[in-house]
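These notes concern the structure reproduced below.
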Amino acid sequence: MNKDIATPGRTREILEKYGFSFKKSLGQNFLIDTNILRKIVDFAELSDETGAIEIGPGIGALTEQLARRAKKVVAFEIDQRLLPILEDTLSPYGNIRIIHQDVLKADIHRVISEEFTGMTDIMVVANLPYYVTTPIIMKLLTDRLPIRGMVVMLQKEVADRLAAKPGTKDYGSLSIAIQYYTEAETVMTVPRTVFIPQPNVDSAVIRLIKRKQPPVKVEDEAFFFQVVRASFAQRRKTILNNLVNNLPNGKAMKEQIERVLTETDIDPRRRGETLTMEEFAALSNALQHVL
């Protein structure tokens, strides 16, 4: 067994060898606790038939743990300075492919078909860069990729929002979007002390398993999410005010919007954060016919 990368000593040794300096703009924080990495991989439930996608491998700490368990690992790294380091640290493994590209610009469908030929179980497992967490997760979900799901580490406050329930302060349009596509569960909290450099916030690991079907029936997905976003535009305002002020033609259609709310058993004085996904689905399906 090769010596783990994710220890304070080995990580510092690698960084010093290459004279690597962290780029704050890329949200680089390297994990130096092997036990936490192993737990993350455990939560992903990989087998020797699984293809794993990683985003932001850093110096390869999580990548090597994935390589020991998965059939193949494909990792997207945006920072060119890390490529020679990864080539060195991951040289003992023959089942890893590093792609030097911004994952937000990548054609992941093509990568999956080329790199994971014949594999039916594909998981995303990553310690996501904090500054682009939400765009990355939403791209992975809205691109309708053939993945089982993802196990990702992110800022704890973002994880709380993804898994939040109606009526809580963390519940918002992001919670609904994530839970529309996946079953979301926060599986572990990670203290800031196990990173180099140490971030200002704690992290959490969230597991998102893709749903075969959304939990609600909506006639127009794009309009459903438009209604959801409008409802949370100003959290302290009522659902009626938010819809009137933030939907196209909302002001001209105030009476119709109020009538639809009443007909769908939603008190116009309620706030968006109190509505369940089922209520948002009923509301958007009804609004679609009057706006």
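Here the Cβ of each residue, glycine as well, is placed from N, Cα and C on the backbone.
Same-site candidate for S-adenosyl-L-methionine binding, as annotated by Swiss-Prot with ASN29, LEU31, GLY56, ASP102, ASN127, chosen from GLU13, GLU77, GLU157, GLU183: GLU77.
Comment: S-adenosyl-L-methionine site residues ASN29, LEU31, GLY56, GLU77, ASP102, ASN127; largest CA to CA distance 21 Å, whole number.
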